[in-house]
């Protein structure tokens, strides 16, 4: 009976998944139900939750991941400074920093020749390190304290110390703006902008149609879905949210960065970009220590991922192959200058796009928009779930069927779009300034020539004395940048190693999983079979011996017979 029970038990072991079942269903269900961090599926809170797992900085709020996988959000304090000259600070002592969870609004004030922040203290708390341990006790992000008397005014500096965070408040915002300003100065020093003479500005072109960069992002996303999930992309809608884009960031496990030198001057520099980190748990981090220098650029520490390893960086570095550096306050950078300090991880960007299946009814503008009528919620599918990336990070080999090169292209497209947008806005400002100077100069000259007639307006009998020329400089700049982007793509494609990977990798990766499984079975299978056969033979020999001994009686020895 015992041997039969063991045989049945061994047979049933084949039917047990032992926890290695495909987690795609569970991961996709969590992704669909709770959404992205900045969606705030868990609602709003007035205080940072004490049991939070991690936190992500969003535009105007901070999202906290709870143990039930919901994201709860807390609004950051608002600046209520009155217009006009700053008032005197109502404080006798000034602190270096105050955490943003200890007040709901703040103002700017002046004391002497310096500007400070002031607010009413709602609670007191001691400062300390963040809840997320990055590696060791010396690499934690320090949180600001809340010292003072509850209900009274407090004042603090407008610049936070190095590696000190106020929880997404005005100090963190000032730090991000300072980093952006310094990166723009570095970019202008490396790449001087093309200047037009005021009298040689290109003439007006035709009006621009739909933004070409948005169409490129949608086309790249469609091609990526076509390679990974053909059944979904056959009939679906790709939906982009209105408002400022917040791309998704997924881990990049390859340390794809290069040290910038004089020979490598083609590093793409973009302004700091706010992103939503997804699927980060353990990552390889890049660390640059602080030397207490006034010229340091504090990028902060990552607060959404643990660091399994840390690489010390001492010089300027550039992200390559469409990757970005993700640092404190989940801000993305493509270039880290010489004097940067902080803790960052490498990531790849994906657009914040939702997918609607073709059989899902999509509402169109109708009378419902004017007369309220409850409408059924649309079932959106997040892009990460549609691509199978969520399961790929869990199983490791499940998502190998999607080509890595396609993710690189899509991330590269997003980075280029941000750089183009920044350059275009700068050109718009320069155009307005140059046109204003030309108009004023010409106006003065014409007024002098027609002074006897009362000026140029009275001489021409015009009702409107000002005219702004709509120049085509912005359109020419966009065209030039698009040509430059195409040139860089051709340079990347001319690399034999990258071209070889792009041509063979998508076809080899789908067979890699079954091939590794077959090799594993051929290597370990004979050993397991031999052990199982030996075990069964031993049990059969024992049973055979027991059956034979039942037909005989044991003979008594001479001593037992005498007794």
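Just so it is clear, glycine is given a Cβ too, placed from its N, Cα and C backbone atoms.
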Can you say which of 504-524, 525-545 is given as transmembrane segment in Swiss-Prot?
504-524
Swiss-Prot annotation of motif 'CX6CC' - which of the ranges 448-456, 457-465, 466-474 it falls on:
457-465
Among 224-227, 228-231, 232-235, 236-239, indicate the range for which Swiss-Prot gives the feature motif 'CXXC'.
236-239
So which range, 423-439, 440-456, gets flagged region 'Immunosuppression' in Swiss-Prot?
440-456
Reduced DSSP state (H/G/I helix, E/B strand, rest coil) at residue 282 (N-linked glycosylation site) is strand
Near residue 292 (N-linked glycosylation site), which residues of its own chain have a C-beta under 8 A away, given they sit six or more steps off in sequence?
162
Please list residues from the chain of residue 339 (N-linked glycosylation site) whose Cβ is under 8 angstroms from its Cβ, counting only those at least six apart in sequence.
293, 295, 296, 297
Using only C-alpha positions, which one of 113, 219, 282 is spatially nearest residue 306 (N-linked glycosylation site)? These are the glycosylation sites in the record.
282
For the glycosylation sites 113, 219, 282, 306, 321, which one has the sparsest Cβ surroundings, going by other Cβ atoms within 10 Å?
113
So of all those glycosylation sites, 113, 219, 282, 312, which one's Cα sits nearest to residue 321 (N-linked glycosylation site)?
219
For residue 312 (N-linked glycosylation site), which residues in the same chain are close in space, meaning a Cβ under 8 Å from its Cβ, but six or more apart along the sequence?
287, 288, 289
Taking all residues of the region 'Immunosuppression' (440-456) together, what is their mean pLDDT?
70
